[in-house]
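Quick notes on the structure that follows.
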Amino acid sequence: MLVWLAEHLVKYYSGFNVFSYLTFRAIVSLLTALFISLWMGPRMIARLQKLSFGQVVRNDGPESHFSKRGTPTMGGIMILTAITVSVLLWAYPSNPYVWCVLTVLIGYGIIGFVDDYRKVVRKDTKGLIARWKYFWMSVIALGVAFALYLAGKDTPATELVVPFFKDVMPQLGLLYILLAYFVIVGTGNAVNLTDGLDGLAIMPTVFVAAGFALVAWATGNMNFANYLHIPYLRHAGELVIVCTAIVGAGLGFLWFNTYPAQVFMGDVGSLALGGALGIIAVLLRQEFLLVIMGGVFVVETLSVILQVGSFKLRGQRIFRMAPIHHHYELKGWPEPRVIVRFWIISLMLVLIGLATLKVR
């Protein structure tokens, strides 16, 4: 929005030309989202406490979590607000990729909000019925995927980028819609499952978003895209603004979510952030890269699948409790140790993922 205004004002003062630089807008996008999160934090926490929107804690969970009961939740609202405002201010409003991300972000945020509302207000521990949650998540994911397929049919925008292999980018055709669906819905749920400890989900989200900011910049630059043998996508550059907004909003939220947390993001935050990372990976044609950089989310999800599958097939559990972060808690690891070690692993995976762009 401000970019368009600056384009009209540059004729009167050349200094407004700085708004045309992607690097400048990326930095101010991050700072804008960060400051909005920091400003909203105390006000949001006080409001949630006044409304008694407190966290519901399972009775069969680790005993250390019982003290978290009543901690304000639904703090993801401030994350979504910070991201949306920052993106609308600093990204080109005419960019279709930006609107794709905002559609998934806000759509999944609404689904998460309804889920949280049922849990904390109606005291329904199950929240939104699972089939309805997946139905609406699927509607949004399939709608966006179908629109992208129609817009990018038989172009690099619907090719599959395979890591480690130079110029191996098969055209997916209709399989693009199916892949996009699973990536968006799967990542939304994966981040949701990871959000079980103070700050555990938000920092890997920040790391992955930062990694995708670099990938988006390279993908939107023809010279670097050709150098790295990845598809050049002319709309991809503006995703840098979206990614840096996620980084800023995430760091601002972490200020209040770090152990011991003053607020939790709730499903309104985790589903939205996961869906946003998923659609960004789809837009950049880097679904495989998301699996590497978001390895923490993948392992958390696999631990639940393996736990449920093992119990149904063999009547035995593999882990003491799933997702796997609870397994380490029950082994005696202090919560901060689990969190920080998962952060370190996440950072390593993001760096490894970025390195694969050159190893071809």
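Using the three backbone atoms N, Cα and C, a Cβ is placed for every residue, glycine included.
Tertiary neighbourhood of the transmembrane segment (26-46): same-chain residues 72, 75, 77-79, 81-83, 85-87, 89-91, 213, 240-241, 244-249, 251-253, 255-256, 262-263, selected by CB-CB distance under 8 Å and a gap of 6+ residues from either end. The feature transmembrane segment is assigned by Swiss-Prot to 26-46 (among others).
For the transmembrane segment (72-92), same-chain residues at least 6 beyond its ends with a Cβ under 8 Å from one of its own Cβ atoms are 1-4, 25, 28-30, 32-34, 36-37, 40-41, 44-45, 48-49, 53-55, 98, 101-102, 105-106, 109, 112-113, 116-117, 120, 238, 241-242, 245-246, 248-250, 252-253, 256-257, 262-270, 272-273, 276. Among the features that Swiss-Prot reports, transmembrane segment is placed at 72-92 (among others), with the record citing sequence analysis.
Counting only same-chain residues 6+ beyond the ends of the transmembrane segment (94-114), those with a CB under 8 A from a CB of the stretch are 74, 76-77, 80, 83-84, 87, 128, 133, 136-137, 140-141, 144, 147-148, 151, 184, 188, 192, 235-236, 238-239, 241-242, 266-276, 278-280, 283. Feature annotation from Swiss-Prot assigns transmembrane segment to 94-114 (among others).
For the transmembrane segment (132-152), the list of distant contacts is 96, 100, 103-104, 107-108, 111, 115, 158, 174, 176-177, 180-181, 184-185, 188, 271, 275, 278-279, 282-283: same-chain residues at least six beyond its ends, Cβ to Cβ under 8 Å. Taken from Swiss-Prot, the feature transmembrane segment applies to 132-152 (among others), supported by sequence analysis.
Marked as transmembrane segment by Swiss-Prot on the basis of sequence analysis: 168-188 (among others).
Annotation comment: Swiss-Prot describes 199-219 (among others) as transmembrane segment.
If you look up Swiss-Prot, you'll see 236-256 (among others) marked as transmembrane segment, on the strength of sequence analysis. If one looks beyond the transmembrane segment (236-256) by at least 6 residues along the same chain, the residues whose Cβ comes under 8 Å of a Cβ in the stretch are 22, 25-27, 29-38, 41, 45, 75-76, 78-80, 82-83, 86-87, 90-92, 95, 97-98, 101, 199, 202-203, 205-206, 209-210, 212-213, 216-217, 219-221, 262-263, 265, 269, 273, 276, 280, 283-284.
Per Swiss-Prot, the feature transmembrane segment maps to 263-283 (among others); the stated evidence is sequence analysis.
Swiss-Prot lists 288-308 (among others) with the feature transmembrane segment. Remote same-chain partners of the transmembrane segment (288-308), defined as residues 6 or more beyond its termini with a Cβ less than 8 Å from a stretch Cβ, comprise 161-163, 183, 186-187, 189-191, 193-194, 204, 207-208, 211-212, 215, 274, 277-278, 281, 317-319, 322-325, 327, 342, 345-346, 349-350, 352-354, 356-357.
Residues annotated as transmembrane segment in Swiss-Prot: 338-358 (among others). Within its own chain, the transmembrane segment (338-358) is flanked in space by residues 163-164, 197-200, 203-204, 207-208, 210-211, 214-215, 218, 228, 230, 259, 289, 292-296, 325, 328-329, which lie at least six positions past its ends and keep a Cβ under 8 Å from the stretch.
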